Amino acid sequence: MQKNRKNVKKKLVLIIIDGLGLRFESQGNGFALAKTPVFDRLFQEYPNSLIAASGQEVGLPEGQMGNSEVGHLNIGAGFVVYTGISIINNALKTGKFFENEKFILAFRHSIKTGFPLQIMGLFSPGGVHSHQDHLFALIDFAANFGVKKLNLHLFGDGRDVGPKSIKPWIKMLNLKLKNYENYKIASISGRFYSMDRDKMFDRVELGYNALLGKAENTFTDPIDYVNFQYEKGVSDEFFEPAINLKVNKKDFLADDHPVIFFNFRPDRARQLSHLILQTDLYEQKPKNPIKTDVFVSMMKYEGINCLVAFEEMRVENPLGKLICMAGFRQLRLAETQKYAHVTFFVDGGVELELENSDRILIDSLKVQSYADFPQMSAVEITDKLLEVGQKYDFIIMNFANPDMVGHTGDLKATIKAVEILDFQIGRICKWAEEKNFDFFITADHGNAELTEDENGNPSTKHTTFPVMLISSDKTIKLKSGKLANIAPTILDYLGLDKHPDMDHDSLIIKDK
């Protein structure tokens, strides 16, 4: 790693826009339909290229939409990071899934104690936080191993898939459960309750209580309950926690019951896991605590001490670490919704303590729908950059509003979010020129460019469209690539060597 700065002419900001892909069709396209004079000028006058941000190009299954966690991991790593879903799918393909010692430990505990096995997680084929195929495999594995009682606690998705799409999957699940006498859907709740990541513990505790068999809403048929929620105008994401009256009260989650949480993505699994295990990760403690020593997470949940079924791919030398070793002073800047992504995820999925590195968190608005506040904290993030940015050599920042507003499926709100973002990018362009900064702009995955499906219905999920890479330096040319090329590109631009772990190259076209 080069220690001198003699080749570095300017300081650099990496602007990561969350959920903004590039799509030619204008229908339902919150980016194309927005008035974006700044982006228009950048695309016309500055070096830019297309970046693959989904599927096998980022370590996901073919055709799988990208997501924020995977996107930031790949941006920082300099190589394709194979994460949760790919690792688990490969274990299913090779059969090693059905030899997993952590699952077997939970099964044996259930058989030995007579307590039901409690399996919980996001029930959809979305592939961002979980996949229902993994649940189906767990059910078969448990049954073949001899587990007699099994309770399922399903979290409605409605974001990474259509907002009202769970019914056919529950019907599939019911058909499977008919083969097993004491395997039941014990509770249903929306991810809004069970998968919060913003310390909304009043909300999370409602999801937690449903695991314990404590909820205001009840059902005897899960399909009937879904229909009841739809009639109230409630989509999958916001299902009010409910419990199955056909499940014996003593069979809901209680002391010493074995638990498997089949979400592989950690960020939205940590708070609920904390309530069950009563960790030191958060101050909040459950009003109805239970104790269990057999809690299996699909992948590692940072800060949660439990059994981990599958080991993650390690990123030992991410971009931020190399920048630190070169003596650059760094800043990471984002609002709450994406703060973990510009710190934990872009640093390889670990909490790195880097010298000469500061982190600034701007609070996200605590609202039920960002469609009502499409600006989110974009203005405050830009204000903070303009206030303190000149003190740093290298800055990674994130704008969350295209993604979070895109998740609402509200086209008008998404257009507004993009227009607000465009204005903030314009402010940064002016500031960068005044303060002698260069910048690269990219995105972690698509979303805002497709807020309606072909029938005009809201689309709330991510996409497989490519994203942008824009440089403020008109003296260079960029070729197309994938997110794993971004770290080598930045290091190359700054005159620094990439680490040998980084098997992807810079996208800056060299003169022959």
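Heads up, the Cβ atoms here are built off N, Cα and C, so glycines get one too.
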Listed by Swiss-Prot with D18, D444, H445 as binding Mn(2+) 2, from among S68, S480, S506, is S68
Given that Swiss-Prot records R159, D160, R191, R197, R265, P266, D267, R268, K338 as binding substrate, the matching residue among H109, H129, H131 is H129
S68 (Mn(2+) 2 binding site), Cβ-centred 10 Å count of other Cβ atoms over all protein chains shown, is 26
Under a three-state DSSP reduction, the secondary structure at S68 (Mn(2+) 2 binding site) is helix
Closest by Cα to R268 (substrate binding site), out of the binding-site residues S68, D403, H462, is S68
For D160 (substrate binding site), the number of neighbouring Cβ atoms whose distance to its own Cβ is within 10 Å equals 21
Widest Cα pair spacing in Å over the listed substrate contacts H129, R159, D160, R191, R197, R265, P266, D267, R268, K338 is 17
Not counting D403, H407, H462, residues with a CB within 8 A of the CB centroid of the Mn(2+) 1 site are D18, G19, S68, R159, P402, M404, G406, H445, N447, A448, T460, K461
For the binding-site residues listed (D18, D403, D444), most other Cβ atoms within 10 Å of the Cβ sits at D444
Minimal Cβ count within 10 Å, across the binding-site residues R197, H407, H445, H462, points to R197
